[in-house]
Amino acid sequence: MKLSRRGFMKANAVAAAAAAAGLSVPGVARAVVGQQEAIKWDKAPCRFCGTGCGVLVGTQQGRVVACQGDPDAPVNRGLNCIKGYFLPKIMYGEDRLTQPLLRMKNGKYDKEGEFTPITWDQAFDVMEEKFKTALKEKGPESIGMFGSGQWTIWEGYAASKLFKAGFRSNNIDPNARHCMASAVVGFMRTFGMDEPMGCYDDIEQADAFVLWGANMAEMHPILWSRITNRRLSNQNVTVAVLSTYQHRSFELADNGIIFTPQSDLVILNYIANYIIQNNAINQDFFSKHVNLRKGATDIGYGLRPTHPLEKAAKNPGSDASEPMSFEDYKAFVAEYTLEKTAEMTGVPKDQLEQLAQLYADPNKKVISYWTMGFNQHTRGVWANNLVYNLHLLTGKISQPGCGPFSLTGQPSACGTAREVGTFAHRLPADMVVTNEKHRDICEKKWNIPSGTIPAKIGLHAVAQDRALKDGKLNVYWTMCTNNMQAGPNINEERMPGWRDPRNFIIVSDPYPTVSALAADLILPTAMWVEKEGAYGNAERRTQFWRQQVQAPGEAKSDLWQLVQFSRRFKTEEVWPEELLAKKPELRGKTLYEVLYATPEVSKFPVSELAEDQLNDESRELGFYLQKGLFEEYAWFGRGHGHDLAPFDDYHKARGLRWPVVNGKETQWRYSEGNDPYVKAGEGYKFYGKPDGKAVIFALPFEPAAEAPDEEYDLWLSTGRVLEHWHTGSMTRRVPELHRAFPEAVLFIHPLDAKARDLRRGDKVKVVSRRGEVISIVETRGRNRPPQGLVYMPFFDAAQLVNKLMLDATDPLSKETDFKKCAVKLEKV
């Protein structure tokens, strides 16, 4: 067999991914494809990360039996990462939940009782009583929901409607708060609109790739295979990788940079200074399309107001800024000299200069990629703003092959959490609850009384934990997320609230996760192709899939759960009289009738489905629920830069990148000839801002919330590994992936281990000011920390590393810093 170069690169990428999991390529094929006769195939996006790879799902006799890369999918072109090849097995773990479970004692609910099987009606009976009691006694602020960037688009939309319009509570937030909130605020501050302006097609046209806190080789391996192909096929292409420790992406790096935690802010300002000092500003672009502003500083760390760091902050939580001149900006970044930067970061001068030269060279098309290294950062918004500065100074933006690109970690952190607006402060299409005009638009479209949606921002993820602990949030429903394992400071700020007898906790999940086992009621959930769905990936690509099998037992989709539960409430039970008086025709109606079974949503008949097409929710209700919800939601974005295509178009396509105008998707936003919202002669227009100009921010270095000292003498950073996704609730139930990486380890520099009389394979106690875990010493693995730093993945439920993490957040985005806290080690 003769392989083309492209085929050779793909084959090597598959082999590398398979080898990482201890499998041969034929072994992968045999494990997931099996016998293809009589298998029915249909398309779907992958269930895992935000890359949005397309897969072909094979079903047989009511089960998913096979999965392969979709050769027609433009994202991955037929290639899967190792997790993608094992997608069928995530659905059939031996401990899959199939019926609701309630803590009971002597036949009744008891907070200290044992989990006991009950019916869905019984589950909703208990939930109804708890919700109504909380609403009556303490009001809408006493209930809350924690959702997910893994929700389908219509699940997130239905949840947001139920809480913000139905229950009149903005206490709904997604787990994307922990991963993408800093990116969102960064986009909004700089451009006035969320999400990247570029797309994956940039990869094949770029001259340089700079990774800021992104281990794409393991976390976005399919995109990394495309970057690898570009780098190895073109000797003039350069790859720079910046991180606080060495990882697999360094294997391709021409310039691999290890910097002191938090000092990425220094490097970013140094590069801006270098660009100015070397007259590398694109003056035409800069003068026409950019404003300069100086941001507020000393903004705190998002901790409780009583924390000493918050008391000491001069401008806690401030996102204020003021205009500044170019001369003032030039003077501001001039402080970040090469010498000072090298001293503060620990990076050799020659490496810093090489990096800066990539951005300054007018002939180099540069893509900046980042993920959690930037976002999970107490100055994550600033880091996002500062990397935009580099592209705005040089004009390397919104054109093929160059631009800043924020990568996402979840399959629909963009499509659901961000675009739908399931954050505590957001509404669809970049609208926000604090804006009266935005609330009015939603209330009119939803045909609910004016004033229904609260103007006050609800509780964000970390604030929800604190409110539960303080007894202020009393009924809490989490869906499609495992926050007891994934969130910070488990011992001090999360577990106390979940187990507080004042509070009732509901967890909807397919498996008995750490979160489920800490709850009071567990609802069994349909997953992936057991329901019809839609995700939006990192490049603004919206992708649909059909329901292909039915969920086991009594498991139901999150959408079904939300819609059916809404039947339990009448408007008089959730809205005050002054609202009902504005729309008396809504009296006596259930929230189901007001929010979901409306003429707008229910107008698409179930007959639009093919006779043999599964769709459990729509067939039960008698109308095409998913289509109705999507078309209502899509209305919000059409006409002002967030345009989604008609519903039916997505079932025909392998995804479309918004804005989709006149049937054509958009690859590059904000530039003439690429974006339908930029008129001829405008060149560039950042139309999220009233004047069409993007903002360069002057923002300084500020230290981390916690750093090593004499007692807690090591930095701890947390993250993921190739074989497991997030908390491992799916991937650890795949035998092959579990065997490949069965338990978490503590990656440590050999000299740090030796100084503590530790050897590879030893058990070690990792201790912070908040908790401790026992792990296993690893001095040779794929991750190579420098002296003074240790790294630990968070997929292992037996090693809850987030017991150790401080619940410090970026004060602007409220996103947790999972990359930096101080620990000490004790030999076990």
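Each residue, glycine too, has its Cβ placed from N, Cα and C.
The annotation [4Fe-4S] cluster binding site is assigned in Swiss-Prot to Cys46, Cys49, Cys53, Cys81 on the grounds of sequence analysis. Listed in sequence order, Pro45, Cys46, Gly69, Asp70, Ala73, Val75, Asn76, Leu79, Asn80, Cys81, Gly84, Ile222 are the same-chain residues six or more apart from Cys53 ([4Fe-4S] cluster binding site) with CB atoms under 8 A from its CB.
The feature Mo-bis(molybdopterin guanine dinucleotide) binding site is assigned by Swiss-Prot to Lys83, Gln150, Asn175, Cys179, 212-219, 243-247, 262-264, Met372, Gln376, Asn482, 508-509, Lys531, Asp558, 718-727, Asn802, Lys819. If you draw a 10 Å sphere around the CB of Met372 (Mo-bis(molybdopterin guanine dinucleotide) binding site), it holds 26 other CB atoms from the protein chains shown. In three-state terms derived from DSSP, Met372 (Mo-bis(molybdopterin guanine dinucleotide) binding site) belongs to a helical segment.
Among the features that Swiss-Prot reports, substrate binding site is placed at Phe794, with the record citing sequence analysis. According to DSSP, Phe794 (substrate binding site) is assigned to coil rather than to any helix or strand.
Annotated domain '4Fe-4S Mo/W bis-MGD-type' per Swiss-Prot: 39-95, in sequence order, evidence recorded as sequence analysis.
For 1-31, the entry in Swiss-Prot reads signal peptide, with the evidence type sequence analysis.
Sequence-distant neighbours of Gln246 (Mo-bis(molybdopterin guanine dinucleotide) binding site) (same chain, 6+ apart, CB under 8 A from its CB) are Gly256, Ile258, Asn783, Arg784, Pro785, Pro786.
Cβ-based crowding with a 10 Å cutoff singles out Cys81 as the top-ranked of the binding-site residues Cys49, Cys81. Looking only at the domain '4Fe-4S Mo/W bis-MGD-type' (39-95), the predicted model's pLDDT averages out at 96. Same-chain neighbours of the [4Fe-4S] cluster site beyond Cys46, Cys49, Cys53, Cys81, judged by a C-beta within 8 angstroms of the site's C-beta center, are, in sequence order, Phe48, Thr51, Gly52, Asn76, Asn80, Lys83, Gly84, Pro221, Ile222. According to DSSP, Lys83 (Mo-bis(molybdopterin guanine dinucleotide) binding site) sits within a helical segment. Around the Cβ of His726 (Mo-bis(molybdopterin guanine dinucleotide) binding site), the number of neighbouring Cβ atoms within 10 Å comes to 23. DSSP states for the domain '4Fe-4S Mo/W bis-MGD-type' (39-95), grouped as helix (H, G, I), strand (E, B) and coil, give 9 helix, 20 strand, 28 coil. Around the Cβ of Phe794 (substrate binding site), the same chain contributes Gln485, Ala486, Thr718, Gly719, Arg720, His726, Thr727, Ala744, Val801, Asn802, Phe818, each under 8 angstroms and 6 or more positions distant in sequence. Put simply, Cys49 ([4Fe-4S] cluster binding site) is 12 Å from Val721 (Mo-bis(molybdopterin guanine dinucleotide) binding site) when counted between their Cα atoms.
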